[in-house]
Amino acid sequence: MTTGNAMHELVRQLYPITRSITGNGVRETLQHIAEHIPVELHEVATGTNVFDWTVPKEWNIADAYIKNEQGERIVDFKKSNLHVVSYSVPVKQMMSLSELRPHLFSLPEYPDRIPYRTSYYSESWGFCLRHEDLVKLPEGTYEVCIDSKLSDGSLTYGEYVLQGETEEEILISSHICHPSLANDNLSGIVLATFLAKALQLNPHRKYTYRFLFIPGTIGSIAWLATHQEHVKKIMGGLVLTGVGDSGLLHYKKSRMGNSRMDAAATAALQESGLPHGVLDFSPFGYDERQYCSPGFNLPVGSLMRTPHGTYAEYHTSADNIDFVSPKSLEEGLALCQRIFAIFEGDVVYRNQFPFCEPQLGKRGLYEAMGQVPDEARQLQLAMLWVLNLSDGEHSLLSIAQRSGMEFSLIRKAANLLVEHAIIL
Ligand code: ZN
């Protein structure tokens with residue numbers, strides 16, 4: 001099985017689970033992830049104050065339906081968990097169509113899709129259904145049942161720390177609160193899981209990688225509130241979301257806009273040769289809103305394909321398993337690996353011969369550049385840039401940016417110079 005197919009298979013396994021910002025669906029999802037990486041479950045109790053927010057009651061649901069006068073389930077949670085507005089309070093009642101109507105949600109512009117809706121912070125209930133089914137409902141009496149429970153419990157998140165040679169950290173975050181939606185965000189969850197698996201295999205990791213699988217907004221707020229000192233260690237990070245569709249890859253910059261993370265992600269996209277877009281920071285989207293809130297201002301960007309809310313399948317039943325492809329998932333993984341290879345390789349050196357240029361010929365460096373004239377010439381130029389800017393202040397990535405050369409070429413030139421102890 002290709003890596004892309006293995007990623008897609010995990011999307012398929014996680015797809016049916018009823019997730020929300022709290023509840024057993026999150027735990028079950030994390031247990032699946034734990035078959036791939038040793039993710040730890042953490043619980044934050046209902047009622048815990050986290051900055052301006054409070055961890056809500058835990059929501060669980062066993063069943064929900066609307067039955068017609070013949071006793072047939074015309075809306076059935078067992079067929080799709082999108083049918084129930086997430087966090088609906090329990091209901092068991094007979095009611096007329098006009099009483100029921102304010103609680104029914106559909107998409108007239110996409111009559112064959114079930115919308116995805118939530119009501120986390122105001123007590124209400126509702127059903128989502130296909131518009132083509134809604135318009136067919138006859139007058140009459142309906143049996144409405146939502147067998148849900150809102151109770152004191154906790155918010156669950158998953159965390160996996162892959163220790164590196166230093167305590168400096170890279171944060172990888174993906175939201176885990178959406179039910180049967182594949183691109184948003186099983187794609188991000190699966191990409192994070194497979195990135196962790198891939199990074200584990202690299203024995204020379206300078207950075208410690210922290211993977212968070214958290215409910216959107218309240219999860220990152222809860223984590224930040226309980227790790228306020230810890231965040232000083234974060235040197236870079238990515239929010240992974242919506243990476244499985246067939247659109248262009250997009251990197252959204254951190255609030256800083258000029259962090260090493262921004263430079264590494266931009267360089268990786270350029271080097272990948274894939275068509276792509278780079279977006280400036282904006283205070284909407286996913287958990288980058290919290291990581292990049294002014295009090296934290298962390299160097300955390302976001303990787304996605306088509307930006308959220310701008311594709312027609314977004315937050316509907318059309319965001320299904322077939323909407324994400326093995327190829328897109330695998331490309332996302334390869335790109336993440338490239339980004340962190342660049343980040344890891346972005347070192348600051350000091351030229352040991354800062355007074356005029358060192359003589360490259362007598363050290364055999366011209367032969368080391370290879371026999372292909374064009375390549376040798378490019379490598380020589382890269383070497384001169386590295387020599388000139390390695391003054392203890394410029395990192396290799398900043399040298400690549402300033403020279404307009406690819407990071408991989410700058411890195412190769414630096415390796416040769418290090419071998420000959422010209423830069424250290
Ligand atoms: Zn969403």
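Glycine too: its Cβ is placed from the backbone N, Cα and C atoms.
Per TrEMBL, the candidate among His42, His83, His276, His315 that belongs to the Zn(2+) site alongside His178, Asp184 is His315. Candidate binding-site residues: His178, His315. Fewest other C-beta atoms within 10 angstroms, His315.
Listed in sequence order, the residues Tyr116, Leu181, Asn183, Asn185, His308, Tyr314, Asp319 complete the 8 Å Cβ shell around the Zn(2+) site centroid, once His178, Asp184, His315 themselves are left out. Under DSSP, residues within the domain 'UCP01524 winged helix-turn-helix' (348-423) fall into helix, strand and coil as 45 helix, 10 strand, 21 coil.
Taking DSSP states H, G and I as helix and E and B as strand, the domain 'DUF2172' (58-149) has 14 helix, 37 strand, 41 coil. His178 (Zn(2+) binding site) falls outside any helix or strand according to DSSP and counts as coil. Predicted-model confidence for the domain 'DUF4910' (8-345) is 97, expressed as mean pLDDT. In sequence order, His178, Thr241, Gly242, His308, Tyr314, His315, Asp319 constitute the residues six or more apart from Asp184 (Zn(2+) binding site) in its chain with CB-CB distances below 8 Å.
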